[in-house]
Structures are given as structure tokens and as C-alpha cells.
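> Pulled these features from TrEMBL for this protein:
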TRANSMEM  B:6-32  transmembrane segment
TRANSMEM  B:39-55  transmembrane segment
TRANSMEM  B:61-81  transmembrane segment
TRANSMEM  B:93-116  transmembrane segment
TRANSMEM  B:136-160  transmembrane segment
TRANSMEM  B:180-208  transmembrane segment
TRANSMEM  B:228-255  transmembrane segment
TRANSMEM  B:267-286  transmembrane segment
Amino acid sequence: ADIKIGIAEALTGGAAQYGVAISNGFQLAAEEINAKGGINGNKITLVIEDEQGKKEESINVFKKLIFQDKVLMIFGPTLSNSMFAAGPVANAAKTVVFGTSVTANGITDVGPYVFRNSVMESDVLPVTVATATKHYQLKKVAVIYGNDDAFTKSGYDVFKKVLEEQKLPVTTTETYVKGDVDFKAQLTKIKGSNPDAVVCSCLAEEAANIMLQARGLGIKAPFIGGNGFNSPKLFEISKLAGEGTFVGSPWSNTNPAPANQAFVAAYQKKYKAEPNQFAAQAYDALNVAAAALKDIKLSGDIVADREALKNALPKATISGATGPFKFRPAKTRSGQPGGWDADQKPFIYLVKGGKFTLYSSK
Amino acid sequence: MLEQQLLNALTLGSVYALFALGFTLVFGVLAVINLSHGAVFMVGSYAALALVTHFDAPLWLAILGAMLISGTIGLLVDVLILKPLRARNAPHLIPMIATIGVGIMLTSAAQGMFGAEVLRFPEETLPAGEFIVGNVHVRALELAIVAIAFILMAVLFTLIKRTQLGRALRAIAESPKAAWLLGINVEGLFHVTSFVAAALGGVAGVLIGLDFNAITPQMGQPILHKGIAVIILGGMGDIRGALIGGLFLGFAEVISKAYLSSQMGDAVAFGLLFLILLVRPSGLFGRKLERKA
Amino acid sequence: MEWFNDFWSTYSTLVFSVGVHALLALSIWLTLSCGLLSLANAAFMGIGAYVSALLTLQLGWSFPAVLLAGGLAPALVALIIGAPVLRLSGVYLAMATLAFGEVVRITVLNLEITGGPEGLNGIPLLTEGWHIALILALTLYGLARLRRSKVGRAFEAIKEDEVAARLMGIDVDRYKLLAFVLGAVIAGVAGALNAHFTFFISPREYGFENAVDIITMAVLGGTANLIGPVLGASIITLLPELLRSLHDFRSFVNGAVLVLVVLFLPKGIWDPRRFRGWLQRVKGGRA
Amino acid sequence: MSVLLRVRDLAVAYGHIEAVKGLTFHLNTGEITALVGANGAGKSTTLLALSGLLKPARGKIEFDGEDITALPAHQIVKRGVVQVAEGRAILTTLTVAENLVLGAYTRTDKAEIAASLDEVYALFPRLKDRADQFAGNLSGGEQQMLAIGRALMAKPKLLLLDEPSMGLAPIMVQEIFRTLVEINRRGLTILLVEQNVRQALKIARHGYVIETGEIVLADSGENLLANPKVEEAYLGG
Amino acid sequence: MSDPTLLSIRNVGKHFGGLHVLQDVSFEVPAGSIYGLIGPNGAGKTTVFNLVTGLLEPSNGTIEFMGNSLVGLPPQRITHRGIARTFQNIRIFKEMSLLENVMVGMHDHLNYSPAAIFFNTGACRSAEKRARERAFELLSWVGLEHKSDMLADNLSYGDQRKLEFARALATEPKLLLLDEPVAGMNPSEKTILMEEIRNIRDRGYGVFMIEHDMRFVMGLCDRIAVLNFGRIIAEGTPDEVRNNPDVIEAYLGKEDEA
Ligand SMILES: Nc1ncnc2c1ncn2[C@@H]1O[C@H](COP(=O)(O)OP(=O)(O)OP(=O)(O)O)[C@@H](O)[C@H]1O
Ligand SMILES: Nc1ncnc2c1ncn2[C@@H]1O[C@H](COP(=O)(O)OP(=O)(O)OP(=O)(O)O)[C@@H](O)[C@H]1O
Ligand SMILES: [Mg+2]
Ligand SMILES: [Mg+2]
């Protein structure tokens, strides 16, 4: 029998640019798995629904997938906010929900059925900042982040903590809001504070504009970014403005590992476009689930199968586009049994010639 | 840094003003808050982009083309939707809701055609030119935006205040019935206004798309939001108001980001707007006729 | 029965949303019936949602108490800003209330206790179907009574001509404030209900677009009487769900439907006068 | 004598209710014709239909030999049919002078327009005093003057007047009627709707009496004045 | 017999910026009589009404109603004191039915509480019922009862005036201000209205009206004040005013048309 898997991503609305890439990643992975004969002979079918990046819509989509389509598990949703609303629904229905792009703190507090392979900023940023500080001999940095978005704000919170821990003084902290395209006021202020580097918790599209406008204003300092920077788009747009940027991330299109190169090539072939980290993580996520599914015998009783998957998934490991992957149990605030976070080692990249290059300290 | 910030404020303010010009024109003449103006602005950007990338059109031609395309959309919206609504005496919020629908359609059509991700003009099409005066970095494109905003404002303002056409437009704005009786082709002028306003929105889209270089199906939303603030701050349908309101908002935003806190940029801008409205209940240039009975 | 269970577990949230949206549409209907184009109701909903969620999460208040607070908190705010703001009219009022909403949203965004942009999560599921049904029924009944009383007539009169209304002995300022505050109460309670069945709230849900959505529901449904807003809320909420199978074309069709409805039913979907017209035509045709 | 306007079986409806139920009448070139009737008889409705602001349910309107039934309002004005509407339709947010200049919207000759403006100011000096004020601030009677003056600015061939004397002081009413006679003598055809029935019929060559949307009497002005039925119903006994 | 003074206007002036619309205007409207205010267009008559009803504040002078100053009171308080008016440029509630229009006028006299509204108490119901009946009465008085459910907007001009008249009466005023009540009515309708206004006076109300129709004014008013360029140029009985050369010159014109 086919294995029905639900995909709930934002395919329209403001978060569509991420949701669409994610959904592409899933479809590519499903195709590859099915082309190789499926899982223990069972083909994967994806039920893809648009959750529009809205919380009520996510709940509705989750309920439809769980109770009406009776999917085995759900991937998604795109935004952390939506996961906070829809995650409890899946958890209460004892159905695995697997987020690939939800990085906010507390997501896996929702319950034991909640999984994610999105690497948390708190795993990435300390290393990134430390490496950059050493490389550039940084004395002081400026910070800019998007303050109305859960993703960039929680990234900032981590940055702030890391900078405090590493005793790196901050000259000024600037914010912008989603949809802003003009960052010159903030950048002019940053320029006036004369930092050695600019720490940036932003999504790639905004980051590219920030870099361009920074150079336009005569800021020479290099950038340090988190997860959000990780898209080939960054350099398509910012060209050489991003030279010298440090990025910590589990994935890069230039990572030479064969699994990754195969993914990048397959993606380009299918979609005539460069993949990004969102697509890569989605691609890997489906492969992780496939690995777990291999080990269980599906009974056809949806309740039992869902439970079996929930028990098998934590043990699944793969080596995918984002490198070796395994889960680790989440530490929850309340002490209740929580879900599962990614346990993955990030790579540090330095941008050279408009490309991510794996950084190795001399 | 102050000089740089003042320049930043001037350009941002001009961007708002440029967007608001067409918006306020429709508002002033048709008395419709056209919530599809943001989407038309977005269409302008994509149209120019498509002309440049697919047809290798030079920039000036692309801008003209974008004006034509967005203007046509404005015209179609007026002919196909607003005109029947006028004929049916729709209550005043109804046309606004229709334009919300149009906005949704345009946005999803753009996403269908161009995808959800951010697109850019190819670098070689961007007008180069950047100079440094003292400590201030200026780009040619920014100067162009400022200049165009001011020029368009001046042209439109003179047109409306001093010409027979302008008087006719104001007559329509107040009472279409009275205008018909004066021999004014009211429907015709509604169409023209819709076309011109949308074309202006289209130009704004191209210029701002070029300047900030981030074209997405959603790009019209945030600026629409600001645009509403601008035209109401300036005074309903007032052309000067669009410019002054735009500059005001630009300065409020930039200065509060620069000297207070960037978190507070919008809060300060909207807070000030709130206060200004309390003092001037009809906006900066709006006036209320005092006569009551 | 099993069919119903399946249906209910899939669509209960949707049904809840219809109820909450109906409340919101009624809240704006109330202010509109007094001629006030207010965009503050989304912000009032947000205040109700945050106050109630915080009371539940931090102080563990009982649900009825939380709902009450969710209605009263925005009412208090409305009372304070009402006096200065309601001197404005038309789009200027819309703008001032919109600006107020923005300030509220940005404040929530920058406060510690509200969780900033990450919002509040883990709100327990306390709202049940009958809560919404009861509150909606009470609201409908109350508004229906109001409409037929001198208060309702005063609202209408103010909407049409403030000066003439004053000269009929109506204290225009007080009645406007009344409409504004009552609208805030309804919106606040709606927000409180919503917060307790969606597990999560964040500042993004109470911004400009939502304010416009609320107005759309009321106006699309028709503002001639109370059926309109409820109908409008139902359609706007259910339409995306009904169109789900269209996938890529969904939001395009959604927009198109909005345009078409407005185009062919310009007085709103529920338009008693049109119905009367039809009736007359039918009668006339027979005679 | 030539017929300037010919109306055949004109019917106008608001929704399902016919307010005008098949009027047939004509106006001779160069004459004043009066249309009188009680409140709600359908006089204003008729005038609005003639100007193209209401679309007739049936019937035909011919102006100067041309069928204008289906023409849009501005085309009708262009052909020289100008109306001073009930309720004046003053543009309150424009100044008095701007209102007047807009009256000449369909004309192009600058010099002639200026001459017309002087004539109007000569006729209503009060308007000249108030030229730069917003028309909305004018008193009721001043607005009435403005409405008439504005219509004259169009240099009409046919002037439709809907209760021009409404709200005017007696001295002004006399002035208006004198003016109407004067401009009529210069060749302008006038259709006059008036509640001031006595004066209207005095200056009108022909008159029609309409009741609930139908013409019930048609005769010369003189005869109508002398008609006991008219006397009783419209002249207050 | 000397009627007590209902409305007294003393030394009132009003200017808009530099434009002096009223200067040193004084007169008194006695109870139980019909008082007329006439004068050329733009003389300031409507402005006087606006001052009395609180839509405008006088620049100087005093306005008293039954011995109490009205200056500075908002319009609704003045209505409450017992003054109602009609407008020269008709201001009815167009989207409401005729019946509702009149019932709005009774606003001040419907004293039920919010709780009564919600629980639909007997008191509330009977008050509404009475108001409805009274509204019908008023409508039939002006001859519009058969149109009571119609939207006011669909009335012809003359009918709208009648509706406004009924609505003003619904506020149960002690003094009724009428701004050109018969504009747009034909002579026979004027005669009917004349009777009605006399009726009102005879019931002890005061009527204060502006009108340009001389037959109407002269036939109806007990006293008349004449305003020209913002100043009172004559005051007295109709006969006195009619024969005043200043009035003839400024307002009536030479030939007596009526
Ligand atoms: N917009 C409208 N909708 C519906 N009915 C209307 C409308 N306007 C006028 N009517 C009706 O049509 C009829 C004729 O009205 P019209 O205004 O033509 O009368 P009139 O002869 O000009 O009266 P008056 O002397 O009072 O101005 C009336 O019964 C009126 O109620
Ligand atoms: N708000 C205002 N601003 C400026 N001027 C005004 C205002 N209100 C009235 N006026 C002017 O004051 C003068 C008197 O106006 P008012 O309406 O009182 O005249 P009226 O005597 O009622 O005339 P009519 O008989 O024509 O109605 C007019 O010349 C008018 O232009
Ligand atoms: Mg009429
Ligand atoms: Mg007057």
C-alpha cells in the first residue's frame, strides 16, 4: 500500500518563498525514493496543502490531513508561529509532526510527537562568532536584526547571549521589520558607531539588501550571519558586497560531500533553479523519515502505525545533503516529555569570490 | 552622520510620496480607497523586469512599458469593476472591498507567473553612478527618485489647481451629478484618472524596484500601508499633501531610527500621525467647510 | 455518528473560527452602524487575546473571568482613546484608529511579557463550541434589541447626519463613544475566545490586514441588518476551505469571488431591500 | 414655428415604480414653456430624464431633430441643453468663480467666456463680491444665483430650470423673472418648472400641468392662468 | 395682552474671519405668536438660526431662551430646552424610513434604560409603541402617513420639507424655527401649511420663521424683523414692515407681485 504523508507549507502569502522551496525539496526526495522502488515496496504519496503562513489555516490543514486524509505523519509547517498553533493538534492526535524550518525555542516542548531537523541557532552561532572573532581580531561589533519575526528575533536572542559570553562589546543594536526595503537609516547609524563587523540576524533576501546598502554607504566591515544567510540567493543579489561574510550552517551548495552534490544536481535538473537550505533540509527530512519507515512493519491500522513511527523515528540516522544527521531528545522547560531536536554539527563558511567556501583555520 | 540621515529621510520620503501620488489621485477623484494600488505598483516592477530580462528592452523603454501595463490594469479595474459599482450606487466601502479582491488576484497571478522568490534587475541595467559629497554617499537613482517625485507633484498640482481639467476633476470629486450637468464626461475622466493613477503607481514600482532591488509578489503590501498613512496625513486627495505627508513620514521614521531607537521607527511615525490628526482632523492640507446649515 | 465525529474533528476549528469571525464582524457592524469607520477592532481583539491569555498562563484565572477581562480591557482602552479620536470622521478616523492599532502592535512586539514577535504559546484549549455559540447568540440578541430601540435609531441618525442628529437632542459624542466601546468589548471577547483554541497568539495577527479583513466580512455580508455580518464572516472564513482543491489557483479564485460578489451584490450579500424588490417583481408579475 | 424639443411617451421609473408615465409634449424654439404640478408629480424626474441623468424606461426625446434619448449626459449638454437642477448642485468645495468658469466647460473661446462671466456678474453683483469664497459658504439664495449664473455660462440653446425662484428674496425673484424674459427675448428657449405658478404662467407662452406623472392639461399660459381648475389646485384659490 | 418673551436676542454680532455677517442684532420672539425674519439673500437670516440652535457661537451679544442663556450650549442641550428647527437645505435622514425619521425626533422623550432595552421590558415596549403611534399622527398631519415605510430619500423635494417639519415637531419644542418652510411648495400647499402653523401657535407654541414668500409671511406673522447686510432695518407688524420704504427698497421691490 502507499504511504500517505502530509505536507503543510506556506505556498502562498508572505512566507511562500520558503514554503515553495521546502515543498520542492520534499517532492524531489519522494520522487527519488519512489524511483528506487519505495520503502519496502510501498510508494510514498505526498498530500500537499497550503497553510498560507497563518495559524488558523495551519490548524485547519493539520486537522484535514490527520482526520480526513489520514496521513501517517505531517511535515511542516513553514513558520515557527504556525507550529506553535498546529503542533498541539498533531501531538494530541498522536501523529508525528516533523518541522524542517521551525527554529524557535520551545517548539519541541509541545510534546513527544514533535520532531525537527532545523538546526537551532544556539548550536550554530557560538562557533560562528568565535571563529570570526579570531579570524578578524574583532574588538567590537554592531548588530542588526528583524524584530517582528520569530525566526530573526530568536536568532538575535542567541547572538546577544553569545556576544555577552564571548565578551565582545556591541556598538549599537538596530532593528527593522518585515517588508522593509530601506535600511539606510540603521546602517548610517551603524557606520557612525564604527564597528569591526556587523552581526546580522536576517533572512537571506533582507541580508543581501543590507549588505548592498551598507557598501553603498561606505561601510567596509564584514558581516557575520546565522542560519538565515544560507542561500545562494545572497550572492546572486549582493554580488561581492558579501565578501568576507562568516556564516554558520548545516548546509551549503558548495559543500563537496557526494550526498550534497547529488542533491544539488538533482534539484537543479528538476526545478531549473538553485536549491537553498530550506529545500535541502526538507529533502533530508523525508529521507530521515524513510529511514525510520524501513524499520517498521506497517499494519494498515493508522493509529498503530503512527505510534510505531513515533517510536522508530528517534533512532533514524542518515548522511544527507546537510551531512550526518541524528535526533536528540529536547530539553523542555516544564519537565514533561518533549519532542526531538536535530543533533548536527554545523559547518563554518567564509564567503570568497561570491561563494561559500568551507572555512579552515590556518 | 546627520547629513547622511537627512538624505536618507529625503529619499525614503520621496519613495512614499511617489507611491502616494497615484493613490491619492484615485482617492481624490473617485473617492475610492484603492487597496489594489500596492499590487499595481508590484505589477509595474515585474513588468519592467520582464521587459528588461525577456525582451532586452533598455531601461527607459521598460519604464514606459511598465506604465502602460499598470495603467491598463488600472483602466480595466475601473471599467470592469468600479464603473458597474457606480452605476449600481454601491455604498462607499464596497469599491474598496472589490479592490482588495483585485489585489489578491494580481498578487497570486504574479506569483503564478514569476514565482514566490525575490527577483532583481540584472546588475548591468541598474543605472550606475554614485558620488560622495563630504561624508555623504549619494546614488544617482536616489536623486532621480527625489527629482521625479517633486516634478510629478508639481505637474499634477498645477494641473489640478489651475486648469479647467483640474476643476472638472474636483467637480467630479464632489458631485458626479453636478459634473454631468456641467457637460463633463464624468465616466471618461474616471477612466483617465484610473489609468494615470495606476501608471504612476507602475513608475513608482519600477523606480523603487530598481532602488531597493527586491521584487516580490508581496512587495506592495507594506508600502500600501504607509501610502494610506501618507495620503490621509496630507489630506484626502490633496496632491501637495501626498508629497508633504510622504516626506513627513520619511523624516519621522528615519530620524526616530537614527536618534531614538530603530525599534521605535514605526511607532514614532504612527504615534505622530495620530497626534497630528487630533490637532488637524482633516490632515495637513485637508479643510472642512465650516458652514453647517 | 462516526461520520459526524470525523467531520467534527476535522472542521471544529473552522467552525470555531466562523463563530469568532462573526463576533468580529458584528463588532465592526456596530461601529459602522454609528457611522464610525474604525480600524481599531483588530487591535482591540489583540488586547483581549493577550490580556486573557496572560491571565490564563500566568495567574491561572478561571475561563469565565478571563473572558470578562478580555472584554473589559479593550473597553477601557477604547474609553480612553475614544474621546479624542472620535472627533475625527470618515477616513481620518480610520487612519487614526489604524495608527493606534500600529502603536499597540509595536508595543506588544517590544514587550517582554508578551513574548515579543515570538508571541505566547502553550495557551491551553479552553474554548468549547457552546461558549462561542452562547456568546454569539447573546451578542446577536443584544444587538437586535439595540437596533430597534432609540439607541439604534440614534446611531443611524448620527451615521447619516451628525448635525441633524444633534438637533434632535441626541448627544452625539456619547453615543459614538458607546458604539466604539461596545465594539471593543465584542472584539476583545472574540480575541479571548480565539486565543484559547489556537494554542498560540502573536502580534502579527492583529495588524492592518486583519482590520481590513474584519471590515470586509461585515461589508461583504451586508450591513443593513445583523444577518449580513454573520453571513459575510462565514463566507470569508469558509471560502478558502471550499476552494482548497484548486491548489495553485486558490487565492486567485478567492480574490475573483470577492470581486464578483461585490460586483453583483453591491449592497452586500444579505440585502433586505433587494429581496423586497424581488418579491414585488414576483407579485407584480402575477398581478 | 419650429420645434426645438419633442418628447414622445416619456416614462421614467425608480426601481419598479414609474414616476413619469408617458409624457408627450414639445417646446417651440424661442419660447418659454412652463411645467407645473404638485409636489411629487414628476416634474424634476422629467427634467433629469431630458438631461440624460435618468434613463427613460420608454419613449423618445428629440432635440433639434436629433434623437438624444440614449446620449450620455455630457453629450446632451454639449448640444446645448443645460439644466439648473433642483437642490442647485453647487460645487461647495470650489470657489464661486471656479463654479462659474466650469459652467463654460463645453466652450473653448476664452474671450467669449470672459464676456459671459461679466454678464453674469452684472446680473448678480452679489456673486462678484463673493467670487473667491467657497461656494459652500454662500447663503441659500446666493447659491441659487450661482446655479443660474453657472448655467448661463454654458451659453445654452435650451435652458431647463427646476424651481429657479426657490429661496430667493422677492426682489430677486422679480429680477430673475425679468432676466428670464430678457434672455428669452434674445432667443433662448426655456423650460420652466415652478411652484411660483402665477408668475411662471405669466411669462410662459405655453404651459403643461402634470399630475402623478401624467399631463392633465396643456394650453397657453394665459388660458391656464384663467382656468378655474388651475386656479383652485395651484394658485391657492 | 402681553405675552412673555420666549427668545430674546440682544446685540448679537457674528463674523467669519473679516466677513461681518451679523452686527448688533436685537429682537424678541414672544410666546404664543408667529415671528417672521425676512431680508435679502445673504442678509444673515440663516446665521441667526444657526446661532440660536448652537451650530455657531455668536462673536458677541447674548441669546436667551425663557430667561436662560443659550450661548455656549451644544445643539442637543438647546433642543432639550425646547427649540427645534428645519433646514433651508433639507437635512432629513435619507436612508431611514419616514417613520424612523420622526421617531428619531422623539429621542429625548423616550426614557427607558439600557437594561430595559436588553430585556425588552413592558415599559420599553409600550414607550416604543406610543412613540410609533405619535409618529404616525405627526406624519398624517403633514399628509405623509401613507408613505411611512418609504425611504426618506425617495421623497420629492416638497415632501421632504413636510417630513422635516413633522420631525421637528416630534421633539416637542416650545419654539419652532422654520427656515423657508414653503420653498418648493405650490400655493395651495402653502395655504394648508399656513393653517397648520396657525394651529401650532394657537396651542401655545412659539414659531419663528424665515421665509421669502410674502403672501405667506404677511398673512401669517404677528410680527416681523427685517435683516439687511447683517443689521435689523425694520421691526414691527406686517403692515408696518410692508410699507417701510427701506424694506421696499432693499427687499420687496417696487411692484407688488402678489
Ligand atoms: N430617487 C428616487 N427613488 C424613488 N422614488 C423617487 C426618487 N426620486 C423621486 N421619486 C418619486 O418620484 C415621484 C416624482 O418625484 P419628482 O421629484 O419628480 O417630483 P416633483 O414634481 O419634482 O416634486 P417637487 O415639486 O416636490 O419637487 C415622487 O413620488 C417621488 O417620491
Ligand atoms: N461659514 C461661513 N463662512 C463664511 N461665510 C459665511 C459662512 N456662513 C455664512 N456665510 C456668509 O454669511 C452671509 C449670510 O448667510 P446666511 O446663510 O445667514 O444668509 P441668509 O440671510 O439666510 O440668506 P438666504 O435668504 O439666501 O438664505 C452670506 O453672505 C454667506 O456667504
Ligand atoms: Mg422637483
Ligand atoms: Mg438662509
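Backbone N, Cα and C define each Cβ position, glycine as well.
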> Counting Cβ pairs closer than 8 Å, which of B:61-81, B:93-116, B:136-160, B:228-255, B:267-286 has the most of them with the transmembrane segment (B:39-55)?
B:61-81
> Out of B:6-32, B:93-116, B:136-160, B:180-208, B:228-255, what stretch is closest in contact terms to the transmembrane segment (B:61-81), meaning most Cβ pairs under 8 angstroms?
B:180-208
> Could you check whether the transmembrane segment (B:228-255) and the transmembrane segment (B:180-208) come into contact, where contact means at least 3 Cβ pairs under 8 Å with the two residues of each pair 6 or more apart in sequence?
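Contact absent: fewer than 3 Cβ pairs fall under 8 Å.
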> Could you name the stretch, out of B:6-32, B:136-160, B:267-286, with the greatest number of CB pairs under 8 A to the transmembrane segment (B:180-208)?
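It is B:6-32, which has the most Cβ pairs under 8 Å.
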> Restricting to CB pairs under 8 Å, which listed stretch, B:93-116, B:136-160, B:267-286, is in contact most with the transmembrane segment (B:6-32)?
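Against the transmembrane segment (B:6-32), the leading stretch is B:136-160.
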> Which bits of the chain, at least 6 residues beyond where the transmembrane segment (B:136-160) starts or stops, bring a Cβ under 8 A of a Cβ in it?
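Here the qualifying positions are 3-4, 7, 10-11, 14-15, 17-18, 21, 25, 126-130, 166, 169-170, 200, 203, 207-208, 210-211, 239-240, 242-243, 246.
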